[in-house]
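What TrEMBL records for THR44 is active site, O-isoaspartyl threonine intermediate. For THR44, the entry in TrEMBL reads active site. Residues or ranges marked as substrate binding site by TrEMBL: SER90, THR123, ASP124. Taken from TrEMBL, the feature domain 'L-asparaginase N-terminal' covers 36-228. The domain 'Asparaginase/glutaminase C-terminal' annotation in TrEMBL covers 247-351. Look at TrEMBL and you will find 1-19 tagged as signal peptide.
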Amino acid sequence: MKVSTLLTIFTALVSYSSALPIEKRETEYNSSLPLVKIYGTGGTIASRGSSASQTSGYSLGLTVEDLIESVPTLQDVANLEYLQVSNVGSGSINDTILLDLAHNIQADLDEGKVGGAVVTHGTDSLEETSFFLELTVKTESPVVIVGAMRPATATSADGPMNLYQAVSVAGSELSKGRGSLVVFNDRIGSGFYSTKSSANSLDTFKSLEQGYLGFFFNNDIEYYYPPARPNGYHYFNVTESTELPMVDIIYAHQSMDPALIYAAAESGVKGIVTAGMGAGSITAPARDALNDVYEKYGVITVQSRRMQEGKVPERTNNFIGSGYLNPQKARIMLQLCLNEGLNLNQTKDVFSAVYGG
């Protein structure tokens, strides 16, 4: 059968499944299975290409309901509810969407009916959302973040199996008490440490130093360790928050121009994270500028590293070391500290739990 014919059939099926009422799943409720709620945000997992071989340049076109309907075996592992929070590429996820997501998940889990949550998400900023939810959703229930590196129309699309595994993990008693989890390519990682390591590979989400938490094999969820939160876990209550303080990341390099630092401070940012060279180093002019904007504007600086792995240790004076957090995760931690009104020394204490400060 021609590829064009297959795509026509696929499009027709998607159009049909999108029209199915939510009541269809409610009539098939299985009391022996957990209830898992899926929160759709968009991303590659919800995208379509123009051919079965296209793996870049595709566009969004599927809803979370479409994703559920495309994996019929989900009904074998959980009863499902869903909510479309957004439908954007993950580069467009912002603080408003993050807060909306956290508020909805917290409310649903607090109600006690939902046993676990799954967030379908684009991979580009998936690690930021998983880290944010780790710190802002207070629960022992599993919160699983999942995505895909290939669009739904691609040959050997990875989204359906990733989603099946994510729902299985979210509905499992074994997953409780582990914080947010990233389920991808058969592996279960900590949302606190998992990071996207490759722009293209299916096996992209890794935490090299900290390792994976478990593995998914032939419908078996196998964890390597008992449930535990990572060192550095700190809960931030955002239930009443409608916005977050602005924090920018500035990339360090040779001949770094401090003008970017002043421009950020003058634009109203409350914090700056530097993606430093080596273990967080920056140029002397940049260091002077960061000290200056702290004295003039109260802008707090966290020093991280542009390397994939490693630690930025405790800093002195007006600077904070990010410990084992990369720049994008350090940015979220700093945002949440500032949102709680923590001062420099209090923020240092929070980062010290991840061996920074």
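Numbering starts at 1 and runs along the chain as displayed.
Quick reminder: no glycine exception, Cβ is built from N, Cα and C everywhere.
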Rounded distance in angstrom between the Cα atoms of THR44 (active site, O-isoaspartyl threonine intermediate) and ASP124 (substrate binding site): 9
Env. residues of substrate site, Cβ within 8 Å of mean position of SER90, THR123, ASP124 Cβ: GLY43, THR44, GLY89, GLY91, HIS121, GLY122, SER125, LEU126, GLY147, LYS196
Number of helical, extended and coil residues in the domain 'Asparaginase/glutaminase C-terminal' (247-351), per DSSP: 43 helix, 24 strand, 38 coil
Position of peak Cβ density within 10 Å, selected from the recorded positions THR44, SER90, THR123: THR44
Integer mean pLDDT for the domain 'Asparaginase/glutaminase C-terminal' (247-351): 97
For substrate: widest Cα to Cα gap among SER90, THR123, ASP124 in Å: 7
Cβ neighbour count (within 10 Å, all chains shown) around ASP124 (substrate binding site): 17
